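K.L.:
Have a look at the structure that comes next, please.
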Amino acid sequence: MMSLVNVNLGNVVKKQYLFKLRSYVGVFTSLVVLQLIALLFSLGGTGGGGGGSGNFHVMINYYSGDVVIIFTILWVFINGILITTKAYREDDFSFVTNRLTNNLSNILFLLTASLVGGVTAIASGILLKVIRYFFFNAEPIITTFSISTIEIIYGVLATILYVFLFGSLGYLVGSLVQLYKKLAIILPVAFFGILFALASRDIMLVEGVGEFYFKETSFLLFTVKVITTSGILLIVSLTISNRQEVRL
């Protein structure tokens, strides 16, 4: 009996997951649009400077896919919230389902979205440099265009992990809002309140969190940190979802 239950659970999750991939095509379309917009914003450079003396002048411009990555993170965070809403949950009524299978298929969808978002974000960063190098009139003296294969691999993996982390955070926020509707108003107010507070004072805690996730030099340790944090966020989301089922 246990074997039959496990097989049925796996089949239901698989069917829901494949159904969501087909139904949520618009999610990936919006990703392409956002990344194209971010790419346009990045054409002017993400930083730089200049200097010179007499007839000698040097301009330094930095081009990277950071803006594309930020847009991708915002995209997955918002969609992490959206897939917890009632409109998306009603799509699962086509299946014999429960909260567990719904959550598992959602997590698989978020993971897929993170994979797609991470790969395309890094690819967009490389495309940005290609466009600047070949299609804009410039006379570069020094270029650092070469990227090793291992750097690309680490970059893709790190971006996927970051995107999945924020997707998990969005899923938690969405689960909280579905359980406590008033949080839909409280959370945005609290978020911007915290931003203003951070802008007005030097808070060591925030710096510590930033260093914990964004300045880790060991890729293995970074992976453990992100996966552990994402796992905790998703477990809390599942717990909240179960409470919501009881209330319903």
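Cβ atoms are placed via backbone N, Cα and C, with glycine included.
So TrEMBL lists these for the protein:
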TRANSMEM  21-42  transmembrane segment
TRANSMEM  62-83  transmembrane segment
TRANSMEM  104-132  transmembrane segment
TRANSMEM  152-172  transmembrane segment
TRANSMEM  179-199  transmembrane segment
TRANSMEM  219-240  transmembrane segment
K.L.:
For the transmembrane segment (21-42), give me same-chain residues lying six or more residues beyond its boundaries with a C-beta closer than 8 angstroms to one of its C-beta atoms, as numbers and ranges.
P.N.:
63-68, 70-72, 74-75, 79, 83, 91, 109, 112-113, 116-117, 120-121, 124, 127-128
K.L.:
What residues in the same chain, six or more past the boundaries of the transmembrane segment (219-240), come closer than 8 Å to it by Cβ-Cβ distance?
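P.N.:
Sequence-remote neighbours of the transmembrane segment (219-240) are 84, 99-100, 103, 107, 154, 157-158, 161-162, 164-165, 168-169, 171-172, 175-176, 178-179, 212-213.
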K.L.:
Looking only at residues six or more beyond either end of the transmembrane segment (62-83), which have a C-beta under 8 A from one in the stretch?
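P.N.:
Same-chain contacts beyond the flanks: 20, 24, 27, 30-31, 34-35, 37-39, 41-42, 45-48, 106, 109-110, 113-114, 117-118, 120-122, 124-126, 128-129, 132, 159, 162-164, 166-171, 173-174, 177.
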K.L.:
Give residue numbers and ranges for long-range contacts of the transmembrane segment (104-132): same chain, 6 or more residues beyond its ends, CB-CB under 8 A.
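P.N.:
Counting only partners 6 or more residues beyond its ends, the transmembrane segment (104-132) has Cβ contacts under 8 Å with 13, 16-17, 20-21, 24, 27-28, 31-32, 35, 38-39, 42-43, 63-66, 68-69, 72, 75-76, 79-80, 83-84, 92, 138, 145, 147, 152, 155-157, 159-164, 167-168, 171, 234.
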